[in-house]
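What TrEMBL records for this protein:
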type     : residues  : note
TRANSMEM : B:12-31   : transmembrane segment
TRANSMEM : B:51-75   : transmembrane segment
TRANSMEM : B:84-105  : transmembrane segment
TRANSMEM : B:125-143 : transmembrane segment
TRANSMEM : B:163-185 : transmembrane segment
TRANSMEM : B:191-219 : transmembrane segment
TRANSMEM : B:239-263 : transmembrane segment
TRANSMEM : B:283-303 : transmembrane segment
TRANSMEM : B:315-335 : transmembrane segment
TRANSMEM : B:355-376 : transmembrane segment
Ligand code: SF4
């Protein structure tokens, strides 16, 4: 395990160096050999030997690159498809949302400044689970059905969840959805590689842990044309760290101390500029 | 002793049949929810807890009926409570059973409830709440049942029952405290994120529990052989009065902190309760009714003339009880979700199915209470 981990860190570093500053992370996945061996890890799940590892996965949202509805649609649809997310219609009380857009005043509720530039006030931002460093959702879960992995990802065990919804009350970011009814009839086309959920359990964005374990970047990151950057927050050479070192990024509700792992570049002049 | 519940007047049986019918209706409604999911309720992504959790929270408080008679009787040897201690304890039993049922009907995957025990999680307050509630249920049932058994045979209570009764007193404090901790430790909900929450829960419990007990004792006086004494009633009424004053006082402390500090997030839920927010005001009538009922109840209990008037007393108790119910069984939980984490006001209204399930659970509680009270009456009539 240890040797493997070190190898991956080296690999990660090499890739990061190779990328320099300007390339999108798509390259990373494309440089992977197609056929990845799989093995079974301690927990009994099959993990590719190509799995990507990190001490703490994080994401930087370059809001300047989310301009049109199409920019959001591409990202949302990739996620919906990959994760069998049902569609109950936009006005349903039972909506399931993993990644979606909200205007500035909702995304950053509390940062209510009337003198912000119009452009920012009108801007939309993608929101999702922040994979918090101190996740209150994990703290309150009475069955450990939601848990924090060593790589910082906050995951869900849909088979253990009893549907008490304590985590929904505890999440300060509205990141969680509950299956009020059986979602299966509302899934457009089922992706057989990802589980569908049953009624009565909670779900949310999982930072594509199933893809990271196969050596792939999150599907939204891939679909974002570089607007979402993903990497290891603990690694000073990672792409996310390079952006954070040189740009002013904000997080949602930092004052609550949950330590979100999603950062936002706000107000144009994003990472690419 | 249970056989005592099997013989009774026609009125008794009519009441039992009525409760069974309500339970049947609630059960059928629950079957529908079980089949379709919690989508049959009014809850949503934004208001993810509704009437069920609110009733649970409120009834944990009513279970304080036991401790508020146990403290004077066991700790201060207040003899006038000797005959009513058991009614307080059995009311607590029925309340805790309802609490557990309300949690159960609120679960999305009720068949997995054992996961809470299979994967015990000490960092979750839910785990501790389960522990203290089951403990409190057992304590009250064992204490009540054993002392009744001893009374039937004309023996004094066994010594260990007294030990359990002492344990039950701090235990009662724990159920309100831990239930408050479910809410007061969440960074997400500023309406609940308040250090005084546990104190509010205790005060409201110490008012609502004995208030309901007084109402039941007055009913028993009318329909049964048990005639509660004037002094016992007055002592309970004073307990209710003090506790309710503390409860209202604690609430006003919250209001002061929110509005004097003028922190928008802290004010939002109170604004929603008192005047409505963003043009939405479904809880405003509840809030003002609770305010009027609380002040009315306190006034009637503080003024000696009205408190001592046993015609007025049940109305005073009902006013306090209803005010506490609105405060905890409606407003506290629902307003906690306003505004949502995005600053939007999303309202909730229960569905008919949901209300039928709530009524069904209350009917189960009343049935348990009726049977237990009937056993007490039967045993005591036999000895008289
Ligand atoms: S954003 Fe919400 S659901 Fe995601 S880790 Fe943080 S508290 Fe949990």
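Every residue, even glycine, has its Cβ placed from backbone N, Cα and C.
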Distal contacts, the transmembrane segment (B:125-143) - CB-CB under 8 A, six or more residues away: 60, 63, 66, 89-90, 92-93, 96-97, 99-100, 116, 161, 164-165, 167-168, 171-172, 174-175, 178-179, 181-182, 185
The transmembrane segment (B:315-335) vs the transmembrane segment (B:191-219): 3 or more CB pairs under 8 Å: yes
Paired segments the transmembrane segment (B:84-105) and the transmembrane segment (B:163-185) in contact, 3+ CB pairs under 8 A: no
Stretch among B:12-31, B:51-75, B:239-263 sharing the most Cβ pairs under 8 Å with the transmembrane segment (B:163-185): B:51-75
Any contact, the transmembrane segment (B:283-303) to the transmembrane segment (B:355-376), with at least 3 Cβ pairs under 8 A: no
Long-range neighbours of the transmembrane segment (B:355-376), counting only residues six or more past its ends (CB under 8 A): 1-2, 4-5, 8, 12, 15-16, 19-20, 22-30, 33, 51-52, 55, 59, 86-87, 90-91, 93-95, 97-98, 101-102, 105, 144, 148, 216, 220, 224, 226
Chain residues outside the transmembrane segment (B:12-31) and at least six past its termini with a C-beta under 8 angstroms from it: 105, 353-354, 356-364, 366-367, 370, 374
